[in-house]
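> Dumping what TrEMBL says about this protein:
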{"type": "TRANSMEM", "residues": "37-59", "note": "transmembrane segment"}
{"type": "DOMAIN", "residues": "55-295", "note": "domain 'Rhodopsin'"}
{"type": "TRANSMEM", "residues": "71-98", "note": "transmembrane segment"}
{"type": "TRANSMEM", "residues": "118-140", "note": "transmembrane segment"}
{"type": "TRANSMEM", "residues": "160-182", "note": "transmembrane segment"}
{"type": "TRANSMEM", "residues": "202-224", "note": "transmembrane segment"}
{"type": "TRANSMEM", "residues": "236-258", "note": "transmembrane segment"}
{"type": "TRANSMEM", "residues": "278-299", "note": "transmembrane segment"}
{"type": "REGION", "residues": "345-368", "note": "region 'Disordered'"}
Amino acid sequence: MSDLSHLTQQQMANLPLQTPPPGVNSNFDNPETTGPVVVITLSIFLAIALLTVPLRIYCRVSVVKRTGLDDWLALVALVFCCSIYGVTMYLVSLKVIGPHSWNVRLVLFISPKVQGSLLALQLLSCAANFLAKASILLFVRRLFPRTVSPKTSYAIDFGIVANCIAYLVIIPYTSILCIPRVGSNGQSPSICTQKKMIDQSIGSAATNAALDLYVFAVAMPSLWILQMPLKRKLSVVAVLAVGLSACAISLVTLYLRAANNLDDPSRKTVNAVIFSGIEPLLAVTTASLPAMPALWVAVSAKSTVTLRRLVTRITSSTTFGGSRRRTGYELSGLSGENSIASLDTHGMTRTSDLERGEYKTPYSVTES
């Protein structure tokens, strides 16, 4: 920054982050921006995560009545995702992300509030991805206990250790490298260059993609040898398939970060910011999907019991010729107790009469 020391404060205030193309003038006040795309996209995925993760916790606590470390890690990951969303919205509101770089004031971009927010976004993304991947790995490990599938269990343990080692290197390294020192007026050390920040983000994206592929490659072959109903196998396959979409997001993020050549960064980093924000949100949503069947069974069971009581009250009050004649409609096999009891400890449904082909009709009519 020594070459800028001769500039006056007014000159610095009008200096763009990058020189505009020939014939183009900087527009600091009302620049054309792609910031709304960031806001809309991340808001949609955050809303989905805010719906699924609390439902997962409710299901584990109130329906299955058994929680695991993976549940709470998913909840903490969601908190970090909300923080990522808040920091991203702040940077969009400052018009640091979205406009072309020649429409961003240099003095704003290098200010402590912007540089601190960018660093916070980097660290929060790492923490959210670490927690989300750990939640998925721990869930898969519960799905394949060591007594049933020892090889798969040990392979998942290896993935958990690899996840911990990778992020226990990336997060402290970035913190030590870029957190402002005392007396630096909020400025990061000179060794914290843009290239090193990009290298760190590439390492994080590569770790996420590798772990997603690893979980799918380990779990899928082992799934078909387990003794479980086909319906449950298909539900797990669906979860792993959604996990593959998270892997695709990781690969796209990796490509966008690797392709970043610092040319027009405030505009060209928009896609990377979007995919970086989606990545942990999609991961925690995927980790929460297995709880949805159990929640559906519990809600259906309570609705069935309520419907039975309502029909019984209506029919029991029917009178013909001075004598009471009651017609009862009994919903067989769908009582709340039986439905909730049919859940296993992971919130998945055990083999039901319907799956065995013995369940014929949702109700039977008895008349007395």
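We number each residue from 1, going along the chain as drawn.
Yeah, the Cβs are placed from backbone N, Cα and C, and that goes for glycine too.
Bear in mind that TrEMBL entries carry predicted annotations, made automatically and left uncurated.
Are these features on the surface or tucked inside, and what touches them?
Non-local neighbours of the transmembrane segment (37-59) in the same chain are 67, 71, 74-75, 78, 81-82, 85, 88-89, 92, 97-98, 270, 273-274, 277-278, 281-282, 284-285, 287-289, 291-292, 294-295, 298, 347; each lies 6+ residues outside the stretch with a CB under 8 Å from one of its CB atoms.
Long-range neighbours of the transmembrane segment (71-98) within the same chain, counting only residues 6 or more positions beyond its ends whose Cβ lies under 8 Å from a Cβ of the stretch, are 31, 33-39, 42-43, 46, 49-50, 53, 56-57, 60, 104, 108-109, 113-114, 117-118, 120-121, 124-125, 127-128, 131-132, 134-135, 138, 266-267, 269-270, 273, 277, 280-281, 283-284, 287-288.
Sequence-distant contacts of the transmembrane segment (118-140) (same chain, at least 6 residues past either end, Cβ-Cβ under 8 Å): 68-71, 73-74, 76-77, 80-81, 83-84, 87-88, 91, 156, 159-160, 163-164, 167, 170-171, 174-175, 178-179, 188, 197, 200-201, 204, 207-208, 211-212, 215, 218-219, 243, 273, 276-277, 279-280, 283-284, 286-287, 290, 346.
Remote same-chain residues near the transmembrane segment (202-224) are listed as 125-126, 129, 133, 136-137, 140, 143-144, 149, 151-152, 155-156, 159, 162-163, 166-167, 170, 233, 236-237, 240, 243-244, 246-247, 250-251, 253-254, 257-258, 276, 279 (criterion: CB distance under 8 Å, separation of at least six residues from the stretch ends).
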> Is the transmembrane segment (160-182) packed against any residues at least 6 beyond its ends, judged by a Cβ distance under 8 Å, and which are they?
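Non-local partners: 112, 116, 119, 122-123, 126-127, 129-130, 133-134, 137-138, 141, 188-189, 191-192, 196-197, 200, 203-204, 207, 211, 214.
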